[in-house]
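Annotation comment: TrEMBL describes 10-189 as domain 'Guanylate kinase-like'. Residues annotated as ATP binding site in TrEMBL: Ser17, Pro18, Ser19, Gly20, Ala21, Gly22, Lys23, Thr24.
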Amino acid sequence: MSNDRTPRRGVLLIVASPSGAGKTSLCRRLMADHGGLELSISMTTRAIRPGEVADRDYHFVSDDEFQALIDADAFLEWAHVHGARYGSPRAPIDKALSEGRDVLFDIDWQGARDVATKCPDDAVRVFILPPSLEELRRRLVTRSQDADAVIERRIANAKGEIQHCGEFDYVFVNDDFDRSYAELAHIYHAERSRRFRNTWVDAYRETLLAEAV
Ligand SMILES: Nc1nc2c(ncn2[C@@H]2O[C@H](COP(=O)(O)OP(=O)(O)O)[C@@H](O)[C@H]2O)c(=O)[nH]1
Ligand SMILES: Nc1ncnc2c1ncn2[C@@H]1O[C@H](COP(=O)(O)OP(=O)(O)O)[C@@H](O)[C@H]1O
């Protein structure tokens with residue numbers, strides 16, 4: 001029997017959380033463990049942080065460049081978040097899906113809602129809650145990549161984001177990192193296995209049924 005598991009229909013796995021809850025760390029590990037998963041690298045008008053790498057973490061662009069991309073309909077979705085603009089470029093997503101790969105998004109609730117409206121069968125939305133707002137602050141301070149005023153703004157925005165967690169398909173609390181990672185990986189594996197995504201099964205079944213026994 002062939003080991004070919006194509007064609008298949010890709011998952012658009014969206015991970016959202018308030019800033020500091022741990023979504024970037026969880027997404028990085030999921031990417032490292034799964035070769036068939038492509039990270040959607042967003043465009044943003046916010047400043048680059050210490051430790052970030054341009055075109056790996058984000059494509060950093062000016063306001064004018066971002067506007068030109070909106071005008072060219074180059075985003076699957078975009079939104080204002082924490083005073084900057086962020087968007088998911090359409091072309092790499094279309095390419096990954098056409099090649100049968102899955103796409104991982106680290107985007108906010110507005111982007112999650114938009115992608116789920118545009119791609120209702122393929123979007124899978126995961127929301128990550130912090131154990132407490134006090135712990136959220138501790139993580140943002142420990143990460144030490146943002147100025148105090150930026151941290152305060154993110155904490156102030158956290159409640160607004162948490163209010164939207166009811167719109168998501170899956171929600172869990174990121175207390176213990178390894179346990180949370182296992183939860184995210186299980187969600188991804190289960191969603192990948194859904195029958196309608198695995199269109200190769202039709203041909204596989206016929207081969208099995210034709211096998212002489
Ligand atoms: N709608 C949307 N949100 C995004 C996109 N890229 C990042 N975000 C969200 O913007 C928020 C701020 O991201 P960032 O500046 O990296 O801060 P962090 O959440 O502290 O890592 C987070 O909620 C991200 O998930 C995007 O392309 N579209
Ligand atoms: N389960 C956890 N327990 C303790 N610290 C964590 C946990 N998950 C993530 N962190 C730390 O919290 C900080 C914020 O995590 P990050 O992944 O950057 O969050 P986000 O992308 O949601 O803003 C980082 O320093 C990260 O190492």
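A Cβ is built for glycine as well, from the same backbone N, Cα and C atoms used for every other residue.
Projection of TrEMBL feature records onto the structure.
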| residue | record | CB count, 10 Å |
| --- | --- | --- |
| Ser17 | ATP binding site | 26 |
| Pro18 | ATP binding site | 25 |
| Ser19 | ATP binding site | 23 |
| Gly20 | ATP binding site | 24 |
| Ala21 | ATP binding site | 26 |
| Gly22 | ATP binding site | 21 |
| Lys23 | ATP binding site | 20 |
| Thr24 | ATP binding site | 15 |
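Proximity of the binding-site residues (Ser17, Pro18, Ser19, Ala21, Thr24) to ligand 1: a Cβ under 6 Å from the molecule is found for Ser19, Thr24. Over the domain 'Guanylate kinase-like' (10-189), the average per-residue pLDDT in this prediction is 95. Secondary structure at Thr24 (ATP binding site), as computed by DSSP, is helix.
Apart from Ser17, Pro18, Ser19, Gly20, Ala21, Gly22, Lys23, Thr24, the ATP site neighbourhood in this chain, defined by C-beta within 8 angstroms of the site C-beta centre, holds Ile128, Pro130, Leu136, Arg139, Asn174.
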